[in-house]
Amino acid sequence: MRERIITFVSLLLVALLSFPSVSYCDDQTILYESFDEPFDGRWVVSEKAEYQGVWKHEKSEGHDDYGLLVSEKAKKYGIVKELDVDEPLNLNEGTVVLQYEARFQEGLECGGAYLKYLRPQEAGWVPQGFDNDSPYSIMFGPDKCGATNKVHFILKHKNPKSGEFVEHHLKFPPSVPFDMLSHVYTAVLKSDNEVRILVDGEEKKKGNLLSAEDFEPPLIPSKTIPDPEDKKPEDWDERAKIPDPNAVKPDDWDEDAPMEIEDEEAEKPEGWLDDEPVEVEDPEASKPEDWDDEEDGEWEAPKVSNTKCEAAPGCGEWKRPMKRNPAYKGKWSSPLIDNPAYKGIWKPRDIPNPDYFELERPNLEPIAAIGIEIWTMQDGILFDNILISKDEKVAETYRQSTWKPKFDVEKEKQKAEDEAAGEADGLKSYQKKVFDLLYKVADISFLSAYKSKIMELIEKAETQPNLTIGVLISIVIVFLSLFFKLIFGGAKAKVEKKKPETAAETSTSEAKTEEKAEAVAAPRKRQTRRES
């Protein structure tokens, strides 16, 4: 009984202690979408004709965790969720954290996975009409296609003078992770105009909303601009260097000397076949049966390399090679000297910018909804755990509890796959080294009688790599057989010479000649196979 009371009190204390924390998180969380349940009813798919992509409620590969899935390739997608709040989220007060997960399960070659944080729309707007023209306050997230590879952070800020909304892009944003793992993207906006971009909880970029070094175009225009009415004077000389007017071409400067001349010291290689053409007609070619001389013209056999040239240093007319002409100097030109009339590169004078204004704090548009409006060539993009919070600690808590466990599992799986692939590559590399060694062994001169057999074994092993060990054993046996033959059988073979066996010796010689021919042909065959 006493133990039950202690247990009950402990549970009560835990509940009481955790209650303020839960309330604190709820107070700081404007939106959290886990996609644990089907998104129908909470998210509205655009009904515009161009958005044909089908959104699905699917599990992330290898997990029981659900997300919002891009299910088809080469489609436009549009979906939106309005914030369930009384008033749109004010971005000009305190800290605001935007965070979500994205996973490219099929990789990403050309497509986006960014979110648009929509400002309040015009009267009469409905979520079903969401499209690319629906105005947003912030666009944030990965985008990759061609030369584009960045995690966008774009502000649409209203110019206080013109009243027009202008896109301001964060300069030098982080790159998109190139793997197929789950990644979490976080943007933190602070009240001191600081903006931070995190990928997987690690800060990748920090900037200031009002800094011209961090945003293009800058939110605050420059105080001065080039005078559009100013024009360069006609006598303004921008040439820093000019040809020396007093320079004279040297008398020994030959402008007509060629860059290359024949090498008079070169001699025609011995054995050069002057009367043999480099190419000859293919003797095995025959005129096609359907060839019509009147329509197709006179048939000519295709050309092939002249086999006689393979053993010779060359065929056809021999010509001396060319070499660089030591007397070559090229066209003469006057050396350059400093221009005494040089005034520098002209630029218009600066005048006060009529569009200049000052800001202590950007007037960011509030957020009323979240939209995903993308055109992607890949399917398998999964969105999950979309969060808008006023506290960085809340965002960190969600990263650790929702993203980190999945990422760790995926990372371990990827590591195991990479190791397996590495072992396979290592085995292939080992086999290649073995075969290279075996080919060198086959070329040893005193093994010429066995070369055809060794080559046959090697070629068989190359087509069936699992036989590599067996081939090694076979070649070792050949070595041992030859070794014992040389030690125990070599002397007797030299002493005995019988005339009746001359025919047999001739036959053996012919056999060896054939084997040598095969041995010569075998490396050539091997080279061709390797080159192909």
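Just so it is clear, glycine is given a Cβ too, placed from its N, Cα and C backbone atoms.
According to Swiss-Prot, the signal peptide annotation covers 1-25.
The topological domain 'Lumenal' annotation in Swiss-Prot covers 26-468 and rests on sequence analysis.
The local packing around C145 (disulfide bond), expressed as other Cβ atoms within 10 Å of its Cβ over all shown chains, amounts to 14. The annotation disulfide bond is assigned in Swiss-Prot to C110-C145 (among others).
Sequence annotations record features per position, and here Swiss-Prot assigns region 'P domain (Extended arm)' to 225-358.
Within the chain, the compositional bias 'Basic and acidic residues' (226-242) has long-range Cβ neighbours (under 8 A, six or more residues past its boundaries) at 336-339, 341-351. Annotation comment: Swiss-Prot describes 226-242 as compositional bias 'Basic and acidic residues'.
The repeat '1-1' (227-238): residue composition by secondary structure is 0 helix, 0 strand, 12 coil, according to DSSP. As annotated by Swiss-Prot, repeat '1-1' applies to 227-238.
Secondary structure of the repeat '1-2' (244-255), assigned with DSSP and counted as helix (H, G, I), strand (E, B) and coil, comes to 0 helix, 0 strand, 12 coil. For 244-255, the entry in Swiss-Prot reads repeat '1-2'.
Counting same-chain residues at least six beyond the ends of the repeat '1-3' (263-274), those with a Cβ under 8 angstroms from any Cβ of the stretch are 308-309, 312-318, 320-323. Annotated repeat '1-3' per Swiss-Prot: 263-274, in sequence order.
What Swiss-Prot lists as repeat '1-4' is 282-293. Confidence annotation: the repeat '1-4' (282-293) carries a mean pLDDT of 90 in the model.
Residues or ranges marked as repeat '2-1' by Swiss-Prot: 297-307.
According to Swiss-Prot, the feature disulfide bond maps to C309-C315 (among others), an assignment based on similarity to another entry. In sequence order, L273, E276, V278, C315 are the residues near C309 (disulfide bond), counting only same-chain partners six or more apart with C-beta under 8 A.
For the repeat '2-2' (316-326), the residues of the chain that approach it from at least six positions outside its boundaries are 257-264, 266, 268-269, 272-274, 276-278, judged by C-beta separation under 8 angstroms. Taken from Swiss-Prot, the feature repeat '2-2' applies to 316-326.
Positions annotated as repeat '2-3' by Swiss-Prot: 330-340. Residues 237, 239-245, 247, 249-250, 253, 255, 259 of the same chain lie 6 or more positions beyond the ends of the repeat '2-3' (330-340) yet place their CB under 8 Å from a CB of it.
Under the heading repeat '2-4', Swiss-Prot lists 344-354. Secondary structure of the repeat '2-4' (344-354) per DSSP (helix as H, G, I; strand as E, B; remaining residues coil): 0 helix, 3 strand, 8 coil.
The N-linked glycosylation site feature in Swiss-Prot is assigned to N466; the stated evidence is sequence analysis.
Annotated transmembrane segment per Swiss-Prot: 469-489, in sequence order, evidence recorded as sequence analysis.
Distant neighbours of the repeat '2-4' (344-354): 221-228, 230-233, 236, 238; these residues of the same chain sit at least 6 beyond its ends, with a Cβ under 8 Å from one of its Cβ atoms.
With respect to Cβ neighbours within 10 Å, the disulfide-bonded residues C110, C315 differ, and C110 shows the lowest count. In the three-state DSSP classification, C145 (disulfide bond) falls within a strand.
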